[in-house]
Amino acid sequence: MHWSSISLPLTALSLAAPALAYPQARAEQPLAQTNIRNSRADAVKAAFVHAWDGYSKYAYPNDELHPISNGSGNSRNGWGASAVDALSTAVIMRNATIVNQILDHVALIDYSTTEDKVSLFETTIRYLGGMLSGYDLLKGPAAGLVSDKAKVEVLLTQSKKLADVLKFAFDTPSGVPHNNVNITSHGNDGAKTNGLAVTGTLVLEWTRLSDLTGDQQYAQLSQKAQSYLLKPQPESAEPFPGLVGSHIDIETGKFADGRVSWDGGDDSFYEYLIKMYVYDPKRFSTYKDRWVQAAESTIKHLASHPETRPDLTFLSSYNKGAYTLSSQHLTCFDGGSFLLGGTVLQRDDFIKFGLDLVKGCHETYNQTLTGIGPESFSWDPKSVPASQKELYERAGFYITSGAYILRPEVIESFYYAWRLTGQEMYREWIWNAFVAIDKYCRTGSGYAGLTNVNAANGGARYDNQESFIFAEVLKYIYLAFSPDDVWQVQRGKGNKFVYNTEAHPIQVA
Ligand SMILES: *[C@@H]1O[C@H](CO)[C@@H](O)[C@H](O)[C@H]1NC(C)=O
Ligand SMILES: *[C@@H]1O[C@H](CO)[C@@H](O)[C@H](O)[C@H]1NC(C)=O
Ligand SMILES: *[C@@H]1O[C@H](CO)[C@@H](O)[C@H](O)[C@H]1NC(C)=O
Ligand SMILES: *[C@@H]1O[C@H](CO)[C@@H](O)[C@H](O)[C@H]1NC(C)=O
């Protein structure tokens with residue numbers, strides 16, 4: 001199917017200009033659709049305010065709310081992760097009250113002190129990405145939201161301070177960073193290797209920081225680390241063109257294995273290859289070439305169809321000649337990545353495959369008792385537990401971890417499918433997921449995770465609300481029902497923003 005020949009019944013654009021798209025149906029149908037869209041957008045905003053108010057009342061300035069006990073946790077170094085992660089969504093929802101509260105908080109953060117080791121990856125995607133995105137939005141298309149311009153500038157000065165605190169992590173013989181570091185002693189956890197995703201998911205944020213400050217050191221550090229991933233050594237690290245191993249030796253920059261997947265640990269390395277090209281096609285065309293190779297190899301070698309549901313497509317993983325037939329909620333960003341690459345590069349085969357992946361991940365939601373998908377699942381016919389035979393026969397997969405910790409990836413890919421095809425079905429899938437999350441995860445003060453998505457009421461609940469419900473889950477849902485703003489994902493080459501892996505929109509170069 002060619003990208004432009006997909007039928008477009010009700011795109012966000014056609015809703016904005018119903019007279020052009022639907023000359024016969026001016027008064028009734030588009031208006032009714034607009035009303036539904038607006039009421040759904042309002043419901044998502046209300047969910048965001050509910051979670052924000054609970055965090056604000058019981059957990060601020062800690063990292064996250066414990067939404068059952070109304071306590072709080074500091075899993076992200078105690079710098080107020082939920083506040084920083086919520087900023088870009090609050091901007092997109094145009095809630096000036098919350099935006100100003102968060103800006104006041106950012107000004108107070110002391111990134112030079114913490115009691116725990118710091119994860120370079122988590123800190124980059126949540127804090128650095130959150131602040132840079134807030135800066136790009138508030139200096140650009142959302143400039144009217146904050147009248148005090150000095151409060152916006154703080155986002156950039158704090159970003160630079162944070163990167164200056166962290167940059168020693170790259171000071172290794174190869175330039176491949178340590179991920180878990182002590183910012184007081186400049187020590188690390190002693191790891192000999194670093195993971196593919198945590199090494200390869202820094203370059204967007206650190207390059208943006210250089211482009212905004214004019215100080216090239218941040219871009220250079222992250223791109224030097226990335227260089228080993230783009231030209232993998234030894235040969236065995238790249239069993240199929242573009243698909244590379246999972247661990248990189250910090251001393252030499254050589255890969256330590258050739259195990260390939262799109263699962264957690266590897267995932268956002270592939271995500272950022274194409275996103276860097278969207279960020280700046282001039283500087284990052286090599287990244288795009290590597291993504292194309294990986295995508296083609298993935299279609300050829302990793303695509304897998306359950307025996308009981310050959311109509312579904314999942315991604316398997318591969319190591320030394322053997323395939324593992326299992327996947328994860330985390331992996332379900334894959335449909336969105338193929339759709340973004342497909343539309344930007346005008347490759348019908350990638351679009352079609354992306355929609356196949358989206359359909360598979362939707363099935364993991366649609367076939368459970370709660371309508372929410374599991375943390376991990378499998379379709380290996382040799383290992384089906386007796387208790388899940390019926391599920392495997394009907395749904396094509398069985399559950400290996402039934403937890404749901406408020407992850408975004410399935411909804412994220414639905415959002416790309418909605419934006420790029422305009423088919424209402426994908427927006428309905430997003431709405432169904434929202435209704436299910438609101439039904440099973442909502443507490444008096446926020447949203448809690450579930451222990452078993454395929455048990456009545458989702459099993460028990462985890463007393464934790466990850467900051468990414470603010471940054472990602474509620475943002476992607478809201479975007480699907482909100483107007484066609486400049487930060488939305490666009491068809492073709494028209495993207496003015498690109499989303500980091502924590503769903504913070506970064507302005508393209
Ligand atoms: C913005 O957030 C505040 C604080 O949570 C809330 O009370 C208010 O209703 C929100 N405004 C809108 C328009 O949603
Ligand atoms: C970091 O290093 C300092 C100074 O050596 C030490 O006091 C502290 O306990 C270390 N922190 C962690 C989390 O290892
Ligand atoms: C599964 O999808 C069907 C068709 O879209 C829908 O009617 C049904 O409610 C969904 N079930 C769940 C649990 O989401
Ligand atoms: C937590 O706060 C909410 C909202 O104020 C309240 O409904 C709930 O009962 C509280 N839970 C506990 C354990 O105090």
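A Cβ is built for glycine as well, from the same backbone N, Cα and C atoms used for every other residue.
TrEMBL entries are annotated by machine, without manual review.
The signal peptide feature in TrEMBL is assigned to 1-21.
Taken from TrEMBL, the feature active site, proton donor covers Glu122 (among others). Spatially close to Glu122 (active site, proton donor) yet at least six residues away along the chain are Arg76, judged by Cβ distances under 8 angstroms. In the three-state DSSP reading, Glu122 (active site, proton donor) counts as helix.
DSSP assigns Asp267 (active site) to a helix. Summarising the annotation, TrEMBL assigns active site to Asp267 (among others).
The C-beta environment of Cys361 (disulfide bond), restricted to residues of the same chain at least 6 apart in sequence and closer than 8 Å, consists of Cys332, Gly335, Gly373, Glu409, Val410, Ser413. TrEMBL lists Cys332-Cys361 with the feature disulfide bond.
Secondary structure at Glu375 (active site, proton donor), taken from DSSP and collapsed to helix, strand or coil, is coil. Note: Glu375 (active site, proton donor) has non-local neighbours Gln328, His329, Ser401, Gly402, Ala403, Tyr404, Ile405, Arg407, i.e. same-chain residues 6+ apart with C-beta under 8 A of its own C-beta. Under the heading active site, proton donor, TrEMBL lists Glu375 (among others).
Under the three-state DSSP scheme, Glu409 (active site) falls in the helix class. Feature annotation from TrEMBL assigns active site to Glu409 (among others).
What TrEMBL records for Thr501 is Ca(2+) binding site. Its Cβ taken as reference, Thr501 (Ca(2+) binding site) is surrounded by 27 other Cβ atoms within 10 Å in the chains shown. The secondary structure of Thr501 (Ca(2+) binding site), as reduced to three states from DSSP, is coil rather than helix or strand.
The 10 Å shell around the Cβ of Asp267 (active site) contains 24 further Cβ atoms across the protein chains shown.
Counting in whole angstrom, Thr501 (Ca(2+) binding site) lies 10 from Asp267 (active site) by their C-alpha atoms. In the shown protein chains, 29 other C-beta atoms lie within 10 A of the C-beta of Cys332 (disulfide bond).
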